[in-house]
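What TrEMBL lists as active site, proton acceptor is B:Arg275. Per TrEMBL, the feature FAD binding site maps to B:10-15, B:33-48, B:Asp210, B:Glu366, B:382-383. Annotation comment: TrEMBL describes B:His231, B:Thr243, B:His342, B:Arg377 as substrate binding site. Here TrEMBL flags B:5-383 as domain 'FAD-dependent oxidoreductase 2 FAD-binding'.
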Amino acid sequence: MADTRKPAQDFTLRIRRYDPESGEAPYWDEHTINLEPHRSVLEGILQARGRFDGSIGIRCSCKAAICGSCGVRVNGQAGLACHTHLDAALKSSRDGVIEVEPMGNMPIIKDLVVDMDAVHWKKIRRVTPWLLAQDPLPEREHIVPREAMVDVTQSMACIQCGACVSDCLSMEVDPLFVGPAALAKAYRFVGDPRDSQQFERLKDLAEDPHGMYDCTHCFKCIEACPKGVAPMNQIMRLRRRAGGDHHIEDRNNGFNHEHAFVKNIRRNGLLHENDLLTDSFGGKASPKAAMFLAKSLPVITRALLRRKATLKVALGHPHKAPKDVKRIFDVVEGRPERYDLNLYITGYDEEQSGAEEPNVGAIAGGGEDGQAIPSAPGASPKGAS
Amino acid sequence: MPSHDVLIIGAGLAGQRAAVAAADAGVSVAILSKVHPVRSHSVSAAGGINAAISVTDDWRSHAYDTVKGSDFLGDQDAIEVMCSEAPDEVMHLEHIGVTFHRNDDGELDLRAFGGASIKRTAYVADITGQAILHVLYEQLMKYHETVDRYEEWFTTSLLIDEDGKCVGCVARDIRTGAMETFTAKNVILASGGAGQCYKPTTNALICTADGIAQAYHVGAPLMDMEMVQYHPTTLVENGFLITEGARGEGAHLLNADGDRFMEKYAPNKMELASRDVVSRAEQTEINEGRGVGEDGSGIYLDITVVPRKRVHEALREIVNIGKDFAGVDITSEPILIRPGQHYIMGGVKTDIDGATPVAGLYAAGEVACVSVHGGNRLGANSLLDTLIFGRRSGEHAARRAKTMSMPSTTDVQVRRDEQQIAAIIAREKEGRRISEIKDELGLVMNRSVAVYRDEAGLQEAHEVVTRLKEESLSAYVDDRGAVFNQDVLGAIELGYMLDAAECTVVAAIERKESRGAQFRTDFPERNDDDYMRHINTTKNGDAPHVSYTPVTITQWQPEERKY
């Protein structure tokens, strides 16, 4: 929360500069500005530009975190310059100087201006980013559940600033990865009951080797997103819909693996790794499981040799799930509908105000989604209480 | 040299809607904008869009509310067009994917808004503008084969042929600095308002009167420029907008005594009277010593009376704005607000098809003055205005394009503009900084051309603006490069703003009465006999020439305005 009572003070900004016409390498440029601590880094840059150097390049317009122009990295963390307070930036700085750099994963045009079109927008265009409604259209509006529209509003709230793209680790390794922003955009249609091509969209993104299964759950996009869109959560919801609702086989078997975990815990209470592998590939009798088992033999042998596993534990069934575990399953699976954690829907209960903090909620939600139970993934705080 | 049947300058709601409409009519279209389309200022529109879609509503009721809101300065034929076409337009938006919030029956939900006699505002949480803008951009991506997009191109001037027809524009590719002539049978200006003439303002940094000044320079009249809307709820802290949706959801305005003072000013509509009325009431409370905050210059907006669950669902953006920019949790304490510059009702004069008196030149959205807003715009009518008249401009321009051949243009003007930019870049570092001049302009406008005005203040503002125009000619820039030289564009924008500000001040001096957003303390009454007319300013040498045009009345005669 911004503290608006403190007087103006000096802040030093170290801005990464690059002039493509100079033939020189990028360099750092320092300016000391004077503003109240709750003012934004963008206001600091604009003061430096207005008073000292009009040539500092940065896209900006609304100053209020809605136009999405001023995506930058402040002390290494991607976000909006207008949405980062000077006092917070000072606190996260390494040496008392606030470092502002252009976003990552995108080519730099000049100073803090990056080529969004070459990366971000190209990926957005990849996901057929428009509604494919049923034909014919209704005479008036589509009649859809109230919650459905509130639900897609979370991904609709994306302002296309590129902060998540900047910090996406998977994209750093695989530049072809469709990426967090575009996949969140895809969910905006997959989650929209008016769209008629949900299966096709999901199949497309599941089969693309750079599609929805290329995400490694690193949470970087959730941290970077200034609007609580929580792109990773949207990716997990895409997967859940692809595997759970549409039975689309995923490329790296993650969905079955998730199922195997649930089955395993239901039976054993504690994780029993021997079954996990075979169950993930369709059970002991499945040829796929045998193949994977054969492939995994060296790993298994090493584990046995290093006494990380014993034959007795590997072959026997040491655990049996206690009654309490069964009760948890009954409660969760007994729910009439699936709860998907969504920032726009959470915070219903007056006493649940903690869940309304966008970032806290987003990260907590990601955690739940990451280990989601297929029949009731990402239980809402309401459901959990 | 690109040439198109319809060239649209500006890619907010009006521009994008015009592009899709023209493309649907089967002509070649280009849309050019100095920012990426989704950065356009339409993105900031929060509260919603008005349309008589409820079965208990009637577009005539919407039209009457709009006429009354305009203080009888709006043209009623245009208002009838806008309000009668509104329901179809909102359904169209729903069909192409806007995620309008629903009621429990799954139909479009409607919220209350200022100056409206019934709930008729469709909305997407409090990001309605963003949701519509992004969905329209989805459509532009879908239409990529029929609509050419020139993103981050800055228009420097409009092209006029020997017969006085508009035949294109000259623009600079911001990314490379290259200048280009765009030839077109028709040009639609959709480049937004002039909020940056004021400091503070709720408007984005890009709202620098570009289209208004470009049209003015080719002889198009600017209408009702004195009508500048002050929004009743902007943050004292930094001028950010708190949506009228907050009051629509039930929030109260309180003075230092804790009174809901709107009782005195608008006993029936209370906080939901039209914006000019509420802003004046707040300013009166502040001026008479009942303001709150450190120097008594604010008013409390109390959102705590709205159920918390509803706030989080429907007013999420202002929860964030309160937290991030004012340090206030709006769900548990009141927030300090005051009236702040928000919108200009005036602009380039057009007819109901968006056509300006300059052949081949159209205008739609905040840049234009049809006039549907007259002396005061109702909340949630601006999105509607942009879409209805954006579409109509696109359709009309496409029809006109089919009757004519492609005009020929030369490179005379592109060379001239290129030289002018080179001259700005080459200025000696002797004059004032651009940011200094801009700040001085903003402060004088906010002091003297604000909620309350009088002759002395307006004359002072006029003198300052005239001096700043002179000073701007020698203002220097630091950036000497071609790639992304925002500095030199800032110098051009400053010139645009000064032209618009000059017309605003001149028109405000001319209108010696109080109507809508223009309240003259020296002429506190509305004077229908002399001033129920539009004031037009046209470029005449170096200063604006003033003329009058009648207000169109169809079914609603002027009456006393009470809320």
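The backbone N, Cα and C atoms fix where each Cβ goes, and this holds for glycine too.
Once the Cα atoms of B:His231, B:Thr243, B:His342, B:Arg377, the listed binders of substrate, are compared pairwise, the greatest separation found is 14 Å.
Checking the recorded positions B:Gly10, B:Ala14, B:Val35, B:Arg39, B:Val43, B:Arg275 against chain A with a Cβ-Cβ cut-off under 8 Å leaves B:Val35, B:Arg39, B:Val43, in sequence order. Cα distances from B:Gly10 (FAD binding site) to the binding-site residues B:Thr243, B:His342, B:Arg377 are smallest for B:His342.
Each of the binding-site residues B:Arg39, B:His231, B:His342 was scored by the other Cβ atoms within 10 Å of its Cβ; the lowest score goes to B:His231.
Following the DSSP three-state reduction, the secondary structure of B:His342 (substrate binding site) is strand. Of all Cβ atoms in the shown protein chains, 29 besides its own fall within 10 Å of the Cβ of B:Thr243 (substrate binding site). B:Arg39 (FAD binding site) falls within a helix when secondary structure is assigned with DSSP.
Sparsest Cβ environment among the binding-site residues B:Gly10, B:Gly47 (other Cβ atoms counted within 10 Å): B:Gly47. The average pLDDT computed over the domain 'FAD-dependent oxidoreductase 2 FAD-binding' (B:5-383) stands at 96. Checking each of the recorded positions (B:Ala14, B:Val35, B:Val43, B:Arg275) against B:His231 (substrate binding site), the C-alpha distance stays within 10 Å for B:Arg275. If you measure from the Cα atom of B:Val35 (FAD binding site) to that of B:Thr243 (substrate binding site), you get 24 Å.
Note on B:Val35 (FAD binding site): other Cβ atoms within 10 Å of its Cβ, all shown chains, come to 24. Sitting within 8 Å of the Cβ centre of B:His231, B:Thr243, B:His342, B:Arg377, and not among those site residues for substrate, are the Cβ atoms of B:Thr202, B:Gln229, B:Pro232, B:Leu241, B:Glu244, B:Arg275, B:Tyr343, B:Gly379, B:Ser382. When the neighbouring Cβ atoms lying within 10 Å are counted for each of the recorded positions (B:Ala14, B:Val43, B:Arg275, B:Arg377, B:Ser382), the highest count belongs to B:Ala14. Rounded to a whole number, the C-alpha distance linking B:Ala14 (FAD binding site) with the residue listed as 'active site, proton acceptor' is 23 angstrom.
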